[in-house]
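Enquirer: Take a look at this one; I'll ask things after.
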Amino acid sequence: MKSTDSAKCLGSKSLAICCLLLHLLLCIRPAVSQTQSPQRYLHNVDSNSNNNERLHQILKGSGAGSGATQLNWPQPPKQTVPNVKTELAKLNNTYVYQNAWPANNVKLGAVTAVSFDKAGNVVIFHRVNRVWGQTTFDNRNQYQEKYRGPIRESTILALEPATGKVQYDWGKNFFYMPHGLTVDPEDNVWLTDVAMHQVFKFPPRGGDGKPALTLGDAFQPGSGRKFCKPTSVAVLDNGDFFVADGYCNARILKYSRKGELILFWGQNTFSGISYDVAPQNFFAIPHALTLVPELQLLCAADRENGRVQCFLSSNGTFHSQYHNQLIGDRLFSMAYTPAAGGQLVIVNGPTAELGIHPEHYNEVHGFVLSMRSKQLVSKFGPNNLQFQNPHDVAVTADGNEIYVAELNPMRIHKFVHRSLAKPMSLSASKDSRDSAISQAVGGDQVPAVAVHHPSGKAILVASLMLLFAGSTFALALIFARRRKRGCLPFGARGRRHAWEKSDGFKLGGLLDRDRNGFEKLDQQASDEEQETKTLASAQYA
């Protein structure tokens, strides 16, 4: 009897457990079905449907009415923001800086452009003693220093690529504010002068000093068939050419070999509708041009948008763009080489903020970007350090040599691919110069050096002195850190720091700010907007 009761009890418990499991199963299945049944996206709507139909569909799927389910919009992929400093440190330095190039007797002003002639010489354009300052142009882009006359010295120099010696020079008594230089396949030299608002074509090596073709009206800025501070020229094999009308008009123009206008395109990022991200064909100073013959492309350095835009050279149709967060928001110039499947060699620029701590971390380098992957391959700089104000760049067709024109310091830099050159340190360069000096003054005699062996007492005294100096330095460092953090009862707790900036101290704050993501840029803004302690000391280009 007892065993029968136990069996009944066990059977009842088993039945209860089975019922509970069945109940849970019935509850779970509808829940799973409910989460899977609603469609994640809206139904396709015919492109001819009107806006009312689209609005009705959105309302129908967004919870209006009973029984409607919540619509889950597809979210754009989240982009991780890289640590710029860390990622830059990972990039390889594939080019070696040539300290001893050019020759010591080459005297330069601000170097604005660099190209190659048919003989392989490095041809540069420089401003000698002219500086683009705050008062160089008025608010109407009129040049204010015409009274000084043209630059008296040669503004174009051709340097031998191996030795850096001057092979020939020209361009005296003609230019006022040099900017762009391009040597075309026929060895003609194309130049732009931002003060004169003109574009010039000269015969090889300058000919007799007179331009074979002149576009624009001297010292008369404008639009239409006039220019306003043109920046660069690129020339096709058939003689047709492009002009970047950069600082004011933000456009690119294509001309026939004879100088007849074929077409033009481009809109100014700093006028009209405000955009968070600049659309295609918009420019914030098209600053340099380069050709990609294999793809029949013309590429432009969109300076203040920090990108390269490429277009079909036949009709100006947008093709592609290249940008990388490690380059930053300012991209001054680029040059193309077919090496390694096609690469762009790029130089960026310093932050446009003057006299304050930059809002975003920025390093000024040369970069090599693969056009296939759109990824940075390597970086380079003088002695693997940063540039200050690079303005233009040129690269040989084989990609083995790179030349960078810099405004300040006023230099032309040479880099050679590491597979072809041995690195030479600054100390080695200094030693070689010191050796040359010693040979000049007295030959190769090496002075005798007396070797002194310190005693144990001297070593003890020196050790105590070093220990005292080290402890003093450590205390001073701790004191300085605590004072900076405000841990001391006195000091700089109430002082305003440079990074606690306000709009009043920012260059952009001096201009109108009415767009999201971009600051209005003064169309007179120069290339040489380097970080300085005060606005008054800032140079322009």
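Using the three backbone atoms N, Cα and C, a Cβ is placed for every residue, glycine included.
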Enquirer: Looking at 437-457, 479-499, 521-541, I want to know which stretch Swiss-Prot calls region 'Disordered'.
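Expert: Swiss-Prot lists region 'Disordered' for residues 521-541.
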Enquirer: Can you tell which of C228, C299 is bonded to C248 by a disulfide, based on Swiss-Prot?
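Expert: If we follow Swiss-Prot, the cysteine bonded to C248 turns out to be C228.
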Enquirer: I want to verify the bond table. Which candidate from C27, C299 sits on the other end of the disulfide that Swiss-Prot records for C310?
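Expert: The record-listed partner cysteine is C299.
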Enquirer: Let me know the model's mean pLDDT on the repeat 'NHL 1' (164-205).
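Expert: When the pLDDT values over the repeat 'NHL 1' (164-205) are averaged, the result is 99.
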Enquirer: Using Cβ-Cβ distances, find the residues under 8 Å from C310 (disulfide bond) that belong to the same chain and are at least 6 apart in sequence, listing them in sequence order.
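Expert: The answer is V292, L295, L297, L298, C299, A300, F318, H319, S320, Q321, Y322.
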Enquirer: For the repeat 'NHL 3' (272-314), how many residues does DSSP put in helix, in strand and in coil?
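Expert: For that range the per-state counts are 6 helix, 21 strand, 16 coil.
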Enquirer: If you run the three-state DSSP split on N92 (N-linked glycosylation site), which class comes out?
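Expert: Once the DSSP labels are grouped into three classes, N92 (N-linked glycosylation site) ends up as strand.
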